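As written in Swiss-Prot, here are the features:
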- PRO14: 4-hydroxyproline (MOD_RES)
- GLU15: 4-carboxyglutamate (MOD_RES)
- THR19: O-linked glycosylation site (CARBOHYD)
- THR21: O-linked glycosylation site (CARBOHYD)
- PRO29: 4-hydroxyproline (MOD_RES)
- PRO34: 4-hydroxyproline (MOD_RES)
- PRO35: 4-hydroxyproline (MOD_RES)
- PRO43: 4-hydroxyproline (MOD_RES)
- PRO44: 4-hydroxyproline (MOD_RES)
- PRO48: proline amide (MOD_RES)
- PRO48: 4-hydroxyproline (MOD_RES)
Amino acid sequence: ASDGRNAVVHERAPELVVTATTTCCGYDPMTICPPCMCTHSCPPKRKPGRRND
């Protein structure tokens with residue numbers, strides 16, 4: 001059932017799916033998932049699950 005949830009996200013905004021297609025290192029940020037998210041080396045600008053563009 002969780003797969004359907006990811007599928008909806010992909011259909012809504014496929015351009016946001018850059019690295020991970022289903023989960024981001026064990027969790028689903030519902031947005032883009034850069035590799036730095038896995039190593040926690042992302043700059044403290046945008047929070048996972050939110051788009052502050």
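Indices start at 1 and increase along the chain as displayed.
Cβ from N, Cα, C; glycine included.
Values in this document were obtained by computation on a predicted structure and should not be read as measured data.
Cα to Cα, PRO35 (4-hydroxyproline) and PRO44 (4-hydroxyproline) are separated by 15 Å. In this structure, the CA atom of PRO34 (4-hydroxyproline) is 11 Å away from the CA atom of PRO43 (4-hydroxyproline).
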